[in-house]
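Read through the structure below, which is laid out as structure tokens, and then see the notes.
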Amino acid sequence: MAAMPKPSDSKTGGKATVLLGSQWGDEGKGKLADVLSGQMDVCARCAGGNNAGHTIVADVNGVKTKFDFHLLPSGLVNPRCAGFIGSGVVVHVPSFFAELDTIQKKGLNCDGRLFISDRAHLVFDFHQVVDGLKEVELGGSSIGTTKKGIGPAYSSKASRSGLRVHHLYDPELFATKFRKLVEGRFKRYGHFEYDTEGEIARYRAFAERLRPHIVDGVTFIHTALAQNRKVLVEGANALFLDIDFGTYPFVTSSSTSIGGVLTGLGIPPTAIGDVIGVMKAYTTRVGMGPFPTELHEEIGHHLQEVGAEYGVTTGRRRRCGWLDLVMMRYSCLINGYTSLNLTKLDVLDQLKEIKICVGYVVDGKELPSFPADLEVLAKVEVQYKTLPGWQQDISKTTTWEELPENCRNYVDFIEQFLGVKIEWIGVGPARESMIHRAG
């Protein structure tokens, strides 16, 4: 084990670039992660598990190849970039190996460059069973989880009964704690079918295969920063799925805001450099919960089809609506974005008029901020600003100046309302379909 590095000097040590979802997820973070990872030495995950979903098309030996990332950092598409799964992530080991095997079969060699913190908690198959049982129990009030066991694993962690990666290397302790953990779930949900002893044996085998990937996560990330390595932190999910600041209870079970970066990796605020918020040019969400700007008719269906709005992880159809700047202003306050990446702007190409939410009104009074109470959110009257569309294909544009005037006006309005520069603009699904506004 390497010696513990000295604390990073905020003036001379490296700074991590952080990439965060600013809405309800599915904003297209993977594409910018792919673009930025070409300049990075480390791409790190800090929270969540294999409930995330990033799709990237990369060149592998001269062939355009599609990769779906769920648990692994998508920066692995850059052959010189190390992938790191931090302490705040919950790891389902079978999914880790299945995903690793899949991307390696597609020609992406990850030998010696994929690491997991020894403090990360483990997700087991019984967590996934419990996830489904809990959704059934909730009935019509179900949250609409991915049923990947993420919530139950974080529940085990919070109740201090969970198992961490390092426990795999004390077989007797692992077996004892595992049996106790499963028994607790039997008492809560009844005796569901589960091979406890078979699972213990399976994880004993996993432990040996996993061993080359295990590191002291705190030492790993601080060494990278102390050596001025370029670190990209790839956020999972998004601000409105955050356990504290999202549309609770229709959220995930981890901190998906900037705070989760610090606690999930064990780094101080002084180690953070740029914080890039990724936002769609419209709004989508998966699952249940209020959605003020949701479109149910023709335009909503148009956004769904043209934007291919189906979840990477679940395949579920995403709900679509107009861009909500009340949401985005709240998101900017919490995460402190230094710049924004506006994605899928081309999906709006055919629309004659485009609406943007600029305010919420309840009982004749404008709300001063995004409400915590979902009962209030469900009854807001949305105030819209209507802008003319550009009604032409922008997917081949490569510079800001090439965009139609009405398109630039749309971007400018968002930027001025939020007070944050839109530095990156996605105009198509390809990696190259990204305009960078430098300066």
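Here, residue 1 is simply the first one shown, and the rest follow in order.
Placement of Cβ uses the backbone N, Cα and C atoms for every residue, glycine included.
Database features (Swiss-Prot):
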- D26: active site, proton acceptor (ACT_SITE)
- H54: active site, proton donor (ACT_SITE)
- 25-31, 53-55, R318, 344-346, 426-428: GTP binding site (BINDING)
- D26, E27, G28, K29, N51, A52, G53, H54, T146, R160, N237, T252, R316: IMP binding site (BINDING)
- D26, G53: Mg(2+) binding site (BINDING)
- V312, T313, T314, G315, R316, R317, R318: substrate binding site (BINDING)
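Projection of Swiss-Prot feature records onto the structure.
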residue: D26; record: active site, proton acceptor; CB count, 10 Å: 26
residue: G28; record: GTP binding site; CB count, 10 Å: 21
residue: K31; record: GTP binding site; CB count, 10 Å: 26
residue: G53; record: IMP binding site; CB count, 10 Å: 20
residue: H54; record: active site, proton donor; CB count, 10 Å: 22
residue: T55; record: GTP binding site; CB count, 10 Å: 16
residue: R316; record: IMP binding site; CB count, 10 Å: 13
residue: R317; record: substrate binding site; CB count, 10 Å: 12
residue: R318; record: substrate binding site; CB count, 10 Å: 20
residue: V427; record: GTP binding site; CB count, 10 Å: 26
### Task
Measuring Cα to Cα, tell me the gap between R316 (IMP binding site) and H54 (active site, proton donor) in whole angstrom.
15
### Message
Here's one to test understanding: among the recorded positions N51, H54, R317, L345, V427, whose C-alpha is closest in space to the C-alpha of D26 (active site, proton acceptor)?
### Response
H54
### Message
Using only C-alpha positions, which one of H54, N237, G315, R318 is spatially nearest G25 (GTP binding site)? These are the recorded positions in the record.
### Response
N237
#### Entry: Reduced DSSP assignment, H54 (active site, proton donor)
strand
### Query
L345 (GTP binding site) has how many other Cβ neighbours within 10 Å of its own Cβ?
25
#### Entry: Rounded Cα separation (Å) that holds between V427 (GTP binding site) and H54 (active site, proton donor)
18
### Task
Specify the secondary structure state of R317 (substrate binding site) as given by DSSP, simplified to three classes.
strand
### Spatial neighbours of H54 (active site, proton donor) among the binding-site residues G28, K31, L345 [C-alpha, 10 Å]
G28, K31
### Task
Out of N51, G53, G315, R317, R318, point to the one nearest L345 (GTP binding site) in space (Cα versus Cα); all of them are binding-site residues in the record.
R318
### Task
Mind giving me a neighbour count for G25 (GTP binding site)? Other Cβ atoms within 10 Å of its Cβ, every protein chain shown.
29
### Cβ atoms near N51 (IMP binding site) (within 10 Å, other residues, all chains)
27
### Summary
Long-range Cβ list for G315 (substrate binding site), cut-off under 8 Å, min separation 6+ in sequence, same chain only, gives none
